Amino acid sequence: MSSSAVVGGGGDWDGDGRLCDQRDDNQDQEQGGREDRNAAVATEDKVDVPWNQPWKLPKHAVQAARVYMGRLTGTFSLQFVILLFLAYCFVKGTLYSFLESAILPYFQSYVKVSGERYHDYLTIAALPWSMKAVFAMISDVIPIRGYHKSYYIGFAGVTAACALTIIASGRFTSDTADAAAMLFFLSHMGVVVVDLLCEGRYAARMRENPGSGPDLVTWVWTSYMTGQLIAAFTVGFLADAGYIRQMFWICVPLAAQITIPVAKGYLQEPRNEPPVTTVLWSKLRLYKRMFSLAACMAVIAMGLVFVALYGTGTTKLVYALMASVVLCTLSLKLMPRTLALANIYMFLVQALYIQFSGVGQFFMTAGPECLPNGPQFSYVFFQTTSSVVEAIFGAIGVTLFQTVFSGWRFQSIFWTTTCIRVFASIFDIALIQRWNLAIGVSDEAMFLIGDRSLYRIAYMLDFMPMVVLTSKLCPKNMESTVYALLAGYQNFGQAIAKALGAFLIESAGIRAQVPCDFTNFGTVMTIGHMLLPLLAMPLTFFMIPNALLTDDLSKHRSAILGLVCQMWREVHNRMGTEAAMTTATPQAACGRSHELTAYWKKIHGHCWCLLLVLVLLCLIEPPCTRPETHQSPAMFGIIGSLWEFVTSFVWGPTPEQVMASIRAGVLPQRFIHTVARCKTYPGGPERFPVPDAKVDWKIPFPGYAPVFYEATVVKKKPVWADDPDNTKSITYNVVDSVHKVDRTSAHGPYTVTKEGHPLNPMGRTGIKGRGLLGRFGPNHAADPVVTRWKRNPVTHAVEYDKDGNPILQFVAILRKDCGLWALPGGMVDPGEVASATVKREFGEEALNALELSPAEAETLKGELDELFHPDSAVVAYKGYVDDPRNTDNAWMETTAVSIHDSDGSLLDKFKLQGGDDASEAKWADYHPGMKLYASHTMFMAIAYEYRKRELQQ
């Protein structure tokens, strides 16, 4: 979040909307001492070079520093320079960076909230930056004991210190996390007030001494960058060491120390006479429009706090859209047109780049229990190393702006930077989708290249022209207030982007807490970081002046006026009106708006007809389940996911989306395979003991010595098993074209050792080799979950148990190998897809299809095709199975497909009979917690919740 560079004095609009000079009541008192200070600067014998001439660096850095500091302190006084260092190094630099960085480990590892809730807390914590204008107006209108700034800075430091003390000493949990978020809000508010009022004061000093302005800005930004580096080299190490809550004790003195130099008068703020605390009603009435705009922004920001804490995703969406409309309307109403359009553009640029900060940070730092194949960055890397890289490339962005883009036009710069930001997002999406691993690029490299390098350059290239544009549009002597308003608008645009991000996260079913689900994260990133930001490109030509960065914008016509005039000429050209083509002035051409209105009435019917046709096309062809494929191209995967996501808003959630939400509630919060670590391998040796704490491959286990085992049946090289003498031809993490075997995992790319052995993505099992499984790596199976409601034989009504729950019956088989009841199912044959496997296995194990005659088998095939029609099949689960046959190098993964006969008309024609690997088949009543083979209990729990919800609807 950018806090914006605020330079300049105060100003406001009068009652008629014209710009007028806003000077503090004490400004005349400051005028008297200016001549003496300027004279002192003029006699400074250490400054040999005029300020506006190129300054050459002396031979020795120490001498250069002495010359610079002598010039700085001689102009502004040592006390004022010290105050700025303490404010911008320790408050704006170190403290603000601490709050930005430490909030992630605090809520993730200490308070332990979900990623979605953390995203809301980020929105709340950053909202004070959207309220800068109201803080500026309050300090201007209500002096305390004659001072407009000093007491407010002192109160801000004390408030932040108290809030940070409670954070450091309090023991907050997920139940009290809302209070912790409000404490972060107060802490940020303290930083905002110190930053804003110190900016206002040093801006006034620069107006008094314009020749030394660059020196002072250099000092401020050097202090700020120094503070950032201090925080960057501290937070990550403390967080990884476990001092998450304790690190905030460091922040307490950083916030409180600013009160000391302010109390000693280092701010050098003139005092009003009489020195009383009062409300300057005359100024309030004079600048009522500006105050109204600032007050509305503050009210809307506080409303967003309430919505973020207690609202649903839809509520956040509606509030964000309404707030955007209100703020844009107020900007057009109360600001000059050119300034208002540019302000709205900068607000929309921030709002359309949707923020997924909370979930994104959780994705990058989530542990193996949440995201087994995720980046799993340490806090040292994520907060320290990447911050240093970000600072370096931010400087590169500033350099590029100065050397390459400074001669461009505003419109060209803004649409170019939009394209760069969109391009930089490709790297984030590739990291989320794990494409980088397929091309051999590490997570760390992909993250640094995209998010911390290219995006940072793009951000600075976007931010710098915004500063230049704002400075050129702000009238003289009112820069501070207008900067505060525009900075508030831009920061509130980011808050709106976070609210929209929260809506997309909830709608997409993304879950950043165990059990995690980032399935649709790549899709929402594509929408929020690539598609929506592109909407800002055409707005550039409507709302931004087509002027050079060096032009005087006070005489430059608004871009939208030129566009309207151009449209007017084109309209009259089509209507055969030659007079409009030769109109002397644009104002005269644009004045004949009634003819333009008549033309719109003529064509608007065609526009509505075209829109109606598009809507009808969507309704005629509703979204359908995509056919099952093995490895579709990445771009087609994004487009298909995007289509499914967008159409869900029209037709409601798809069965797959409903099933995904149910899985999030049914699956265990922290998955550690247990059956795959049973003491004795089926028909084989005892496993090497693996405690829960040592299951993860990333955790060192020096004494780990798994037993090698491969069953005799596997060693005989059956057709369903890999040839152990030809393992070099196996290609992992792809569809093996040589052997026609799908070796991809539902959990993403898995590790392959230097010896060519794949590693179980869920961790150690205590035995290596293939065991009873035929394939190295994932062995894919398919399990049909065939169900019906238990009905009264007389009334055919659904029967309920004693607790009032409907009774679901499912087809169960008794396995010959272990004697446990299970779902029918089996292995996916080479070249076969799971949808074909579930039909084949159901027929073989539950209907004894292998014993039927050819004619009977053909009839059964047609009946099974009807039962397992794609429109009625829903994937209940796809992924790892905690199976006793799993080893370190071979494991089971399955696709459990739910098939339900709602009225019994389809399943009544089937006679259940055990066959193949099943000794018996029957209809079994499901009850929660019943023991079934392997992970089949979990599959039934998911299917039951889905069918129960379907019945209730």
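The backbone N, Cα and C atoms fix where each Cβ goes, glycine too.
Curation plays no part in TrEMBL annotations; they are all automatic predictions.
Remember, it's a predicted structure, so these values are computed and weren't measured experimentally.
The region 'Disordered' feature in TrEMBL is assigned to 1-39.
The annotation compositional bias 'Basic and acidic residues' is assigned in TrEMBL to 15-39.
Residues of the same chain lying 6 or more positions beyond the ends of the transmembrane segment (76-98) and with a Cβ under 8 Å from any Cβ of it are 3, 69, 157, 160, 187-188, 190-191, 194-195, 198, 202, 205, 209, 212, 216, 219-221, 223-228, 230-232, 234-235, 247-248, 250-251, 254-255, 257-258, 261-262, 264-268, 387. Taken from TrEMBL, the feature transmembrane segment applies to 76-98 (among others).
Marked as transmembrane segment by TrEMBL: 118-138 (among others). Residues 1, 3, 6, 10, 99, 103-104, 107-108, 152, 177, 180-182, 184-185, 187-189, 191-193, 196-197, 200, 287, 290-291, 293-295, 297-298, 301-302, 304-305, 308-309, 356-359, 361-362, 480-481, 484-485, 487-489, 491-492, 494-495, 498-499, 501-502, 505, 512 of the same chain, all 6+ positions outside the transmembrane segment (118-138), place their C-beta atoms under 8 angstroms from a C-beta of that stretch.
Summarising the annotation, TrEMBL assigns transmembrane segment to 150-173 (among others).
Counting only same-chain residues 6+ beyond the ends of the transmembrane segment (219-241), those with a CB under 8 A from a CB of the stretch are 72, 81, 84-85, 87-98, 101-102, 105, 109, 202, 247, 250, 378-385, 387-388, 391. The transmembrane segment feature in TrEMBL is assigned to 219-241 (among others).
Feature annotation from TrEMBL assigns transmembrane segment to 290-311 (among others).
For 317-335 (among others), the entry in TrEMBL reads transmembrane segment. Long-range Cβ contacts of the transmembrane segment (317-335) within its own chain (Cβ-Cβ under 8 Å, at least 6 residues beyond either end) map to 13, 17, 289-290, 292-293, 296-297, 300, 303-304, 307, 311, 341, 343-344, 347-348, 351, 489, 492, 496, 499-500, 503.
Taken from TrEMBL, the feature transmembrane segment applies to 342-364 (among others).
Per TrEMBL, transmembrane segment is recorded for 376-401 (among others).
Annotation comment: TrEMBL describes 530-549 (among others) as transmembrane segment.
Summarising the annotation, TrEMBL assigns domain 'Nudix hydrolase' to 790-946.
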Beyond the flanks of the transmembrane segment (150-173) by at least 6 residues, Cβ under 8 Å: 91, 95, 106, 110-112, 135, 138-139, 144, 179-180, 183-184, 186-187, 189-194, 197-198, 245-249, 251-253, 255-259, 262-263, 267, 269
Model confidence over the domain 'Nudix hydrolase' (790-946), averaged pLDDT: 80
